[in-house]
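These notes concern the structure reproduced below.
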Amino acid sequence: MKKVWFSLLGGAMLLGSVASGASAESSVSGPAQLTPTFHTEQWKAPSSVSGDDIVWSYLNRQKKSLLGVDSSSVREQFRIVDRTSDKSGVSHYRLKQYVNGIPVYGAEQTIHVGKSGEVTSYLGAVINEDQQEEATQGTTPKISASEAVYTAYKEAAARIEALPTSDDTISKDAEEPSSVSKDTYAEAANNDKTLSVDKDELSLDKASVLKDSKIEAVEAEKSSIAKIANLQPEVDPKAELYYYPKGDDLLLVYVTEVNVLEPAPLRTRYIIDANDGSIVFQYDIINEATGKGVLGDSKSFTTTASGSSYQLKDTTRGNGIVTYTASNRQSIPGTLLTDADNVWNDPAGVDAHAYAAKTYDYYKSKFGRNSIDGRGLQLRSTVHYGSRYNNAFWNGSQMTYGDGDGDGSTFIAFSGDPDVVGHELTHGVTEYTSNLEYYGESGALNEAFSDVIGNDIQRKNWLVGDDIYTPNICGDALRSMSNPTLYDQPHHYSNLYKGSSDNGGVHTNSGIINKAYYLLAQGGTFHGVTVNGIGRDAAVQIYYSAFTNYLTSSSDFSNARAAVIQAAKDLYGANSAEATAAAKSFDAVG
């Protein structure tokens, strides 16, 4: 059937997005101008070298051929930012590149070391020494971090003024390329509104500017930013200094985000020229998505007694699972849900709470991961957001769910489907690991990984969102992983959507990766390629490792293919049936 994409403003959520607002350049390739390369290795460190020193020894050996670095030590330019190990004994390292002490946007690397101390693979993007000479703007910005924040909020304010509130559902038919059928997209943002900042207008007079080496961050009072079209930041605004590769140039920029909920939810990342204050690139990154639940099913869950009532608070998992209600307003987290007798009658709250616990348990038992960040992060959810709000989203710190369209004809409460809850919380996992840019192919990978995990949590079928979409139509859903074309998604790379809507097709092109995952798990013959399925258990272990340990923020589909195959080799052996199936599954989808 023809799919309707609902969205209330320029943010990419569970169901889709509005075209991104003002942007100095619009490219499906996204903000990161660097494309990672993948190398398989079997380099063995000397026996006297162990731990992090294996990584440094490998990079020093490869610094000219792999990194394009000759005259300086790799330790001067690269920093290890994270290290993990998996159940097969492989250690995974994440690194970032710095030039003149300033991080380079998108210049990230992952290196993988086997249990015997051998480097098995490398994935990364770097700025070589010739390119570093293009950093002609130096290290000192001509505008302050507070001015960059102001520029971002002023642009967002202008864009939000043209948008409806959450009481409205807006849509506009848009013809898409024949490879992606017709969709109905919500379109409201004005793509020509790039606003400059007059320094005399800057009202962040109470902002405190903090400097840490070459990184300048601004902690602006929310009341000051709120003067701009009454926008109230959900987190303290900050701007970080980066070098940004653009063509042959290496620009000095600030990277900042606008994160607001009123008058409508918006989370946009801005890359702002640190010399003239112009917006180099921007894109939206809101990630969409005993008592009775929404479907009337009874379930048990953990609450906390407080005086004469009970709170929807679980203190047994990580740092807790807490569920609030926004009472159909647009403020979060809202009010903590309570009940007098511990027999709960808020189905949306029950499901959000129970399914958050289910997702926590899934990650803990399947992958040994302690919550979204791996360190027990509290899982906070808000239900009853807005009025007739047809979406769900992860805003970087918590989950928020709308109640659907009100009469239940198209959508019921979004917390009523465990694969939707798992999908959205997995956006949080991605943010703490690969941090895939929510644009173009990297954004489609971001969406696909959330679909993979959300679907595996429920394991009912190969559909996404079928429990909350068109409840009166049996078998209807938002997406199908086994047959993406049922819901206007491509299932082969030859049909890749190359337009700019939906952040470059993040919800569209995810169908290609979903199909590859389905073939890996279930098997089948597709486009003349036969894949012997390895089962869901092995398939999800491979994808989890590939997406959390191997990929970097600007990874594309070819990187995902290499990462999935390498993860299969590391987990099950280089000549294993799993590794063969992983390669075949991507052959099948192009």
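Keep in mind that glycine also has a Cβ here, set from the backbone N, Cα and C atoms.
Taken from Swiss-Prot, the feature signal peptide covers 1-24, and the record attributes it to sequence analysis. Annotation source Swiss-Prot lists Ca(2+) 1 binding site at Asp339, Asp341. Residues or ranges marked as Ca(2+) 2 binding site in Swiss-Prot (evidence: sequence analysis): Asp419, Asp466. The Zn(2+) binding site annotation in Swiss-Prot covers His423, His427, Glu447 and is backed by sequence analysis. The active site annotation in Swiss-Prot covers Glu424 and is backed by sequence analysis. The Ca(2+) 3 binding site annotation in Swiss-Prot covers Asp466, and the record cites sequence analysis as its basis. Annotation source Swiss-Prot lists Ca(2+) 4 binding site at Tyr469, Thr470, Ile473, Asp476, citing sequence analysis. The feature active site, proton donor is assigned by Swiss-Prot to His507.
Feature annotations (Swiss-Prot) mapped to structure.
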residue : record                    : Cβ within 10 Å
Asp339  : Ca(2+) 1 binding site     : 17
Asp419  : Ca(2+) 2 binding site     : 30
His427  : Zn(2+) binding site       : 30
Glu447  : Zn(2+) binding site       : 33
Asp466  : Ca(2+) 2 binding site     : 23
Tyr469  : Ca(2+) 4 binding site     : 24
Thr470  : Ca(2+) 4 binding site     : 18
Ile473  : Ca(2+) 4 binding site     : 12
Asp476  : Ca(2+) 4 binding site     : 17
His507  : active site, proton donor : 30
Neighbour count (Cβ, 10 Å) for His423 (Zn(2+) binding site): 30
Among Asp339, Asp419, His507, which are recorded as recorded positions, the nearest neighbour of Thr470 (Ca(2+) 4 binding site) by Cα: Asp419
Fewest Cβ neighbours within 10 Å, where candidates are the recorded positions Asp341, Glu424: Asp341
Close recorded positions near Glu447 (Zn(2+) binding site), where close means Cα within 10 Å, chosen from Asp341, Asp466, Ile473, His507: His507
Rounded Cα-Cα span from Ile473 (Ca(2+) 4 binding site) to His427 (Zn(2+) binding site), Å: 28
Distance [Cα-Cα, Å, rounded] between Asp419 (Ca(2+) 2 binding site) and Tyr469 (Ca(2+) 4 binding site): 12
CB-centroid shell, 8 A cutoff, Ca(2+) 4 site Tyr469, Thr470, Ile473, Asp476, site residues removed: Thr410, Asp466, Pro471, Asn472, Gly475, Ala477
Distance from His507 (active site, proton donor) back to His423 (Zn(2+) binding site), taken between C-alpha atoms, in Å: 12
Recorded positions clustered about Asp466 (Ca(2+) 2 binding site) [Cα within 10 Å; pool: Asp339, Asp341, Asp476, His507]: Asp476
The residue listed as 'active site' versus binding-site residues Asp341, Tyr469, Ile473, Asp476 - nearest by Cα: Tyr469
